[in-house]
Amino acid sequence: MTAMRRDVTGRVGGPDRRPQLFCALDTPDGDRAVALARQVAGQVDGLKVGLELFCAAGPAALDRLSATGLPLFLDLKLHDIPNTVAGAVRSLMSRTPALMTLHAQGGAAMMTAAVEAAGAEAARLGVAPPVLLGVTVLTSLDRDDLAAVGVADAPADQVLRLARLGRASGLGGLVCSSREVAAVRAAVGPDMTLVVPGIRPAGAAIGDQKRVMTPAQAVAAGADLLVVGRPITQADDPAAAAAAVADEIRTAWEAGQGAASAGRP
Ligand SMILES: O=c1ccn([C@@H]2O[C@H](COP(=O)(O)O)[C@@H](O)[C@H]2O)c(=O)[nH]1
């Protein structure tokens, strides 16, 4: 597995805790994914492989992307009975992803089974276990969408409920939108890795996302890892688009660091 910057707790971000940028390679074409990865490799901290690429190109896509040397984030959002999810985690571990997702609404037994399977399989293979991330409420959903599936609470309340369940189940991190990340941090403490998709630079098309923020806003809110897909991959110049997002993250982070040290006695 490619080294991830983690602090002593395992939280992604490294000693300086600068938020990381991962590019979502959402394409059914393995060759295009590899080409995109090469284009953005100098600007991003890692690559995210989701359902579209994995369903089309399979685990071989992970092997090809590993050659970039960047950490891989396998975002398959596992959601099934505990035994099946544990088996899927074991099967995926040989590809040594740095991060993997499962749906927190799959419940505590499912998440615990995944954590145990990842730990045991990592020990057997002699590798570091991935950071298991619980997806709380998809960033493409708003209050009306939740109501339509029988959840009367606002997204922020449902995110917090699932975040606490994920922490109690032993997960290493959570996926939520930037809008909830500060409240989730307050609820789960400093050690969990908080990942935010639904990132849109000012003026970018929002598409199917509903709970969005800019990269700078996500950093100010306290995100550890920002996932950006189409604003980079569908740009005329993906490398330049990735560099602009990375710059925005760095600038916002440094401004926050400066403000924090100015407030210190
Ligand atoms: O709540 C979630 C969880 C995962 N995603 C994934 O992130 C990227 C976002 O891509 P964009 O093109 O920047 O919208 C995509 O792979 C999703 O599957 C998410 O958007 N929201």
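Placement of Cβ uses the backbone N, Cα and C atoms for every residue, glycine included.
Positions annotated as domain 'Orotidine 5'-phosphate decarboxylase' by TrEMBL: 20-245. Summarising the annotation, TrEMBL assigns substrate binding site to Asp26, Lys48, 75-84, Thr139, Arg200, Gln209, 229-230. Taken from TrEMBL, the feature active site, for OMPdecase activity applies to Asp75, Lys77, Asp80. For Lys77, the entry in TrEMBL reads active site, proton donor.
All features noted in TrEMBL, drawn onto the structure.
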| residue | record | Cβ within 10 Å |
| --- | --- | --- |
| Asp26 | substrate binding site | 18 |
| Asp75 | active site, for OMPdecase activity | 25 |
| Leu76 | substrate binding site | 17 |
| Lys77 | active site, proton donor | 18 |
| His79 | substrate binding site | 16 |
| Asp80 | active site, for OMPdecase activity | 14 |
| Pro82 | substrate binding site | 18 |
| Thr139 | substrate binding site | 25 |
| Gly229 | substrate binding site | 19 |
Listed recorded positions adjacent to ligand 1, that is, members of Leu76, Lys77, His79, Pro82, Gly229 whose C-beta is under 6 A away: Gly229
Cα-to-Cα gap, Lys77 (active site, proton donor) vs Gly229 (substrate binding site), nearest whole Å: 16
